[in-house]
Amino acid sequence: MEDQSNDRAQLPRNMIENSMFEEEPDVVDLAKEPSINPLESEEAEYEPRSSRLLVRGLGEHDLDEDEEDYESSAKLLGMSFMNRSSGLRNNGSNFRQVQDGLCPVPSVRTVIVCVVIVIIAIAVVTVVYLLPKCTFTKEGCHAKTHPMELVYPIATNGKMFPWAKSRLPHSVQPIQYDISLHLNLSNLAFTGTVHIKLNIVENTKNIILHSSGLQITKTSVTLAGKSLEKVEVLEYLKAEQIAIVLPEIVTKGKECVLAMEYISNFSNTYYGLYKVSYKEDKDASWLAATQFEPLAARKVFPCFDEPAFKSAFQIRIRRSEEHISLSNMPKTNTTKISDGLFQDEFATSVSMSTYLVAFVVAEMKNISKELNETMVSVYAIPQKMDQVQFALDAATKFLQFYQDYFSFSYPLKKLDLVAIPDFQAGAMENWGLITFRETDLLYNENTSSIMDKQLIGLVIAHELAHQWFGNLVTMEWWNDLWLNEGFATYMEHVSLRKVYPELNADDLFLTQRFKAMQKDSLTTSHPISTDVQSPEQVEEMFDDLSYIKGAAVLLMLNNFLSEDVFHTCLKDYLKMHKYGSTTSDGLWESMNMITKSNPDVKILMESWTRQAGYPLVTVQKKGKEILLSQERFLQLSNNTLNISTVWNVPLSYITSNSYGSSSTYLLNQTAGKIILPNEESWVKFNVRMTGYYLVDYGQEGWIALIRQLHDNHTVLSPDDRANLIHDIFLIGGLGKVSLSNAFDLISYIVNETDVVPIKEVLHQLHHIHAILDKRSEIELANKVMQRGLSLLKARIDNQTWNDEGGLPQRELRSTLLDFACSYGDKECIIVATNLFNQWKNNGTQLPTDVMKVVFKIGAHTDEGWAYLLQVYMSSSYAAEKLKILEALSSTDNAKKLIWLMQESLRGQMIKSQDLQTVIAYISRNVPGFLVAWNFVKQNWDEITQKFQPGSFPIQTIVAKTTFKFSTEAYLNEVTAFFASTKGKSKDMWCVKEAIENIKVNIQWIEKNLDSLKQWL
């Protein structure tokens, strides 16, 4: 799946052991019973209770050092104490007055002392009684250990649910699903039937599978042609699981068919089966679409909703006459059911995971082209059919490229690309039926810039790469999502470079890696291969680390092994695991078969996939000797992590006398040494930034490289120049390098002509400006940007306001003019204003490269803002609408900004797919960042109802509204807000990351403010 980039506008559910059910209302512990043969009602009778229910057999070691059992015992002792002391108090209240001649009435003090003594005695006896016998033995309670007991949950009907883990058992394996669906777009409901042919892998009495929000009305199981009687369905809502309890144990090796009928409603989110509204000739129209990745197939049909449970699918869809239906496979038959109602039947699919199943029911048209017996088609709503030609051309070219590159033909007879008017992700790789946002598929030369075209090409390349990496070969579980997304991200750049060299996105890939390293330098980072269980954790795996770091380590491995060897490894990996699922180990093992374990790819790469973060390599040059050391780079200098981490770092380097060719060195220990043949004035590591690490050259090393940049910067490639800018500012944030050195380095930019180094300089200046601005250091913040303007003024003045030149020249033009107009360059603003007025008053066509800049200047007036909104509402061009949306979000009028966010949340005038984008734009806007943060706080519950907790939109909203806060007051406010939210919001990775980012910003100010003032 392609995440929607921010700039594009783009668990643990515990393992159900003792600690899993802390929040469960009813649970039963039957650890002594086998899971395949749960107790029937006549074997264990109990009354369902509304409170937590634990049936526990206390053995003599049950109070061993398990912390949770200790707490339970403490609670039990406390309850006993209170019950007994309460009884004493009652008895005391009935103590009779003595008559004359009998024992005297005890004094109050005596009564209190007696009561205290009795209470203490009872407490001591109770503790001794409850302690295990081993307490008083010579060996103590450590002689034996027992495995943790499973605690079984309670189903919705009060009975015990026979499975106690979040992951499904592997006692049965689906072979084929036959699914029939009838969608009613009028009342937003659907009915369905599913027949699942199952192979019994282990003796079992229960079939455990997923179901969420489905009302199952009928269930049957057929074994050897005979329908089993007394089949019971149990549901456990928290795990979204159902259990089909059979009347008898079914033995290994048999096959059966599970049949269910059910009803449900369309989703109110973008997850599962949902309804999309759009305007067609001013009338409202509707379509139905699906998004099942990662965990939503279960919302549309009962299924084994984990990637490893691959199966064949046959799908039938009933729809009205005016609609068409699409699914993964070609349509084989259409039957008229009644007047206006038809049923489409699709061919049986290849074996695939449930998250790849998809269908669309809509009024759409298409254009098609056949390639090697595969029909490639692009679908869109009728009024946008003039924007689909580039997508069709690109899809056929990428499909041909991948078939040749992988030496493996695309296995389906058709490939559909569908533009959905309202779609949360950037795109989704459903096998044979890829769904897209309109911005990521539709292209119009009058409204789409060269960068828009590049983006569309990348997204199509990404999704077609998934037809092999992800669909043909799938990760076994979501902990290895990077096997899908890292490979697809890496291959999108490989393929675009070959298929559309004029759209070469290597520059973009470099800036993406910079972005991933920012995230990966926090203590809240995670390995790209890491344990995940809960739905929230699965959702949060769809982040920059799985996508970009995953691609970055593959780029590094490609350079280390050589392109030919790496290519051979990929082809062998696909052939070895085709139509199956695998893990990271499976990838490394297949590669080792090619390399003959020389090098051992698994040993080399596990340090990159199973460890969070990346190394800072420190370089010290002493004559011909280069002394090297590595440590994990963390932005927060006072972090509490005590980490001793070592990576296998494939270093590459060039020197002052041999910058035309690079040398390599594998740093696989904390320290190393290189002996150069000659003494060099400078050495530069991480050539073209193909490695995933930072380099600190020390004071003398940095000064030598800065001198080289000022003398002749072209000795180093544009990628190397951008790499130096990135590294010195990131390291400088910690105070390891003087900020004055960083500013000395970027002053060479007056002679720079390439877009990548210039973009990296502007990124660093924007970062500093944002931190200062949010501390109300407005004057100082403006001085930073004015210094940037002065460095780039000559380059800005040389830009033309047209669409001439190749992609690098056009991207540089757009970048520089946007920067100049945003920070007050008078000449830039005058030209942009004139162009806006000509477009508004005369309909003059705007150059696409500067369209966004012009719109943003036009939005600064009330009249211009209102006109842009009018054009937005009437435009059918997604790229134009997106540029207008960014311009509307740049106003300093708080009421307008709030209105934009409210409308995006409502999802009518502005689609809710763009809410994350609007909030990101407004948060970038200096007057708007507090408006956006306050809006998110006030509407958090509604936002998290519309988007899944942990999903990419939620990650974006949290990050963009907090990313430049830099005071203790904001830190406390953000921390307190998320601590007060309902559900698991405070536990999300993105929340912890946001809080740490604020701490990093505070630290940056403390370490660098004085140096910054001195530079200015």
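Any Cβ shown, glycine's included, is placed from N, Cα and C.
Listed by TrEMBL as binding Zn(2+) are His462, His466; the candidate from Glu438, Glu445, Glu485 that the record includes in that site is Glu485.
Check TrEMBL against the ranges 1-27, 82-108, 838-864 and you find region 'Disordered' recorded for 1-27. The binding-site residues listed here are His462, His466; among them, His462 has the most other Cβ atoms within 10 Å of its own Cβ. Mean pLDDT across the domain 'ERAP1-like C-terminal' (682-999) comes to 95 in this model. In the structure as shown, the Cβ atom of Glu463 (active site, proton acceptor) sits within 10 Å of 29 other Cβ atoms.
Using the Cβ center of His462, His466, Glu485 for Zn(2+), the list of other same-chain residues with Cβ within 8 Å runs, in sequence order, Met1, Glu2, Glu429, Glu463, Ala465, Phe469, Gly470, Asn484, Phe487, Ala488, Thr489, Met491, Glu492, Tyr547. Counted within 10 Å of its Cβ, the other Cβ atoms near Glu485 (Zn(2+) binding site) come to 29, all protein chains included.
Counting only the Cα atoms, the space from His466 (Zn(2+) binding site) to Tyr547 (site 'Transition state stabilizer') is about 12 angstrom.
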